[in-house]
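Read through the structure below, which is laid out as structure tokens, and then see the notes.
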Amino acid sequence: MTVKPLRDVTPKPLEGEERLEQSLRPATFDDYVGQVKIVDNVKVYAAAARQRGESLDHVLLSGPPGLGKTSLAHILARELGVTLHVTSGPALVKKGDLAGLLTALAPRDILFIDEIHRLSPAVEEALYPAMEDYRFDVVLGAGLGAQTMEMKLERFTLVGATTRTGLLASPLRDRFPIQERLEYYGPAELKEIAVRAARKLGLPVDEDGAEELARRARGTPRIAIRLLQRARDFAQVEGDGRLTREVVDRTLRRLEVDARGLDAMDRRILAAVIDTFGGGPVGIDAVAAAVGEESGTLEDVYEPFLVREGYLARTPRGRVALPAAYAHLGRDRSGGKQGSLV
């Protein structure tokens, strides 16, 4: 039987979260916390395009999930005074799906494609002339008698978001003049995000409570807000309605999020690499089978944090547990062979 992990520290949006995220989403560049260099650059690009009355160049936003790529797209549309059209790679199954979106765009509108690395090859190829020449090619008929009809499109901006830049085909990636990678947030930035969100939710919050939540939010705003919601529940039912350090600590212990921000699935991954595979190296598919999760989910959701925090290493031969993983789980490294990093 597959045991599903607790999902409170999963950086991907859960069902029903979109509405809350929209209510807490920053409305302007000045409201956006963190990613200072990226925001400063994009602010200049947007202002220049607006002054010239042109569409903004196509933008590719990459980085781990939950860091604010969608929020940046919304802010761009608002700053440019245009409409944002939102879709995702998996939703664009055939060329007709893309055609319907492109032909509905007004001049300078933004088309936001989340998970753009998951576009089908046919849709991706149809996107090339749309991005370069603002046209969409429609094939009429089949075989030798087939003809291509060009549909002219309004000049628009494509904003693509991806967590897996390496899965993007080079011809697609190279068609984005503006490419920015979002990085994990520091504790001070996450604290500010938590305090702002608590204020919007009408939740009194202590400084040390916000600091503790930020410290254990895996560098990800979406996780910080999710944990804030759960802490609000505990503060309301088992406390005096105020978010204190004690309330946050009690909440996260109940959610099995430890002092370093690792959850039950993180610990299962590390335990599998150490106990089942002798510390590695071991392939991602083997680890996924051992913990009962899809390998893509491990690569997108869990591994980036474990690698960044020094618990796990990705090597040409597979995943290897690092000394911090042994120490965190209380394992003796002499109990099994330690894999080579080369």
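For all residues, glycine too, the Cβ spot is worked out from N, Cα and C.
The annotation region 'Large ATPase domain (RuvB-L)' is assigned in Swiss-Prot to 1-185 on the grounds of sequence analysis.
Sequence annotations record features per position, and here Swiss-Prot assigns ATP binding site to Leu24, Arg25, Gly66, Lys69, Thr70, Ser71, Glu132, Asp133, Tyr134, Arg175, Tyr185, Arg222. Contacts of Tyr134 (ATP binding site) defined by a Cβ separation under 8 A and a same-chain sequence distance of 6+ are given as Lys152, Leu153, Glu154, Arg155, Phe156, in order along the sequence.
Annotated Mg(2+) binding site per Swiss-Prot: Thr70, in sequence order.
For the region 'Small ATPAse domain (RuvB-S)' (186-256), the predicted model reports an average pLDDT of 91. For 186-256, the entry in Swiss-Prot reads region 'Small ATPAse domain (RuvB-S)', with the evidence type sequence analysis.
Per Swiss-Prot, region 'Head domain (RuvB-H)' is recorded for 259-342, and the stated evidence type is sequence analysis.
According to DSSP, Arg314 (DNA binding site) sits within a strand segment. Positions annotated as DNA binding site by Swiss-Prot, on the basis of sequence analysis: Arg314, Arg319.
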> According to DSSP, which kind of secondary structure is Leu24 (ATP binding site) found in, if we only use helix, strand and coil?
Replying inline: helix
>> Say we define neighbours as other CB atoms within 10 Å of the CB. Which of the binding-site residues Arg314, Arg319 has the fewest?
In response: Arg314
> For Gly66 (ATP binding site), what is the secondary structure state per DSSP, taken as helix, strand or coil?
Replying inline: coil
>> For a three-state summary based on DSSP, what are the helix, strand and coil counts in the region 'Small ATPAse domain (RuvB-S)' (186-256)?
In response: 51 helix, 2 strand, 18 coil
